[in-house]
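Database features (Swiss-Prot):
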SITE      K8  site 'Involved in RNA-binding'
SITE      F9  site 'Involved in RNA-binding'
REGION    32-49  region 'Oligomerization'
MOD_RES   S58  phosphoserine
MOD_RES   S61  phosphoserine
REGION    76-171  region 'Globular core'
SITE      K92  site 'Involved in RNA-binding'
REGION    126-163  region 'Binding to the phosphoprotein'
SITE      R151  site 'Involved in RNA-binding'
REGION    172-194  region 'Disordered'
Amino acid sequence: MSRRNPCKFEIRGHCLNGRRCHYSHNYFEWPPHALLVRQNFMLNKILKSMDKSIDTLSEISGAAELDRTEEYALGIVGVLESYIGSINNITKQSACVAMSKLLIEINSDDIKKLRDNEEPNSPKIRVYNTVISYIESNRKNNKQTIHLLKRLPADVLKKTIKNTLDIHKSIIISNPKESTVNDQNDQTKNNDITG
């Protein structure tokens, strides 16, 4: 059996060509230098994903600096409202990142209180449960939640964002003492101006 050259895609991660690829995917056939390159690449990938100082969010989900500029100017709620209203050229990516940040701010216990006040057959219960499930998913893995939100059709995403914003406003009305996302954004801006 003749030794084939190692697949360059497999060396640098994973080959997507499947059976069409004519190069070797059998690591036992590979020369030592190819194995070392693959091992080095995989170790760097693991190290990068574990390093908290590197902004993996922008690399993995595409949350670029432009999105953060919009968020700084408009605030999280402003970005989401702009996306719903199709103004300020807010991208789906920006909206999903802002939505993830809003979900961090909302306490699921507050939503459960609102849900318990509803009639048993109210359609709002389903909306509350959906938002609660997004909050719990976001707490476990916010990058995966951003990815799930991005996969929603635009109209469904807009409806989900609108429902979440409505719930957020209801919580603020029922708990006026708690600081809101907008208040925190304003406070950050004031600190930047004065500091």
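Keep in mind that glycine also has a Cβ here, set from the backbone N, Cα and C atoms.
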Cα separation, R151 (site 'Involved in RNA-binding') to F9 (site 'Involved in RNA-binding') (Å, whole number): 27
Residues of the region 'Binding to the phosphoprotein' (126-163) by DSSP state, where helix covers H, G and I: 35 helix, 0 strand, 3 coil
Nonlocal residues around K92 (site 'Involved in RNA-binding'), in sequence order (Cβ under 8 Å, 6 or more apart): Y83, K150, A154, L157
CB contacts for F9 (site 'Involved in RNA-binding') [other CB atoms within 10 A, all chains]: 14
K8 (site 'Involved in RNA-binding') and R151 (site 'Involved in RNA-binding'), distance between Cα atoms, whole Å: 31
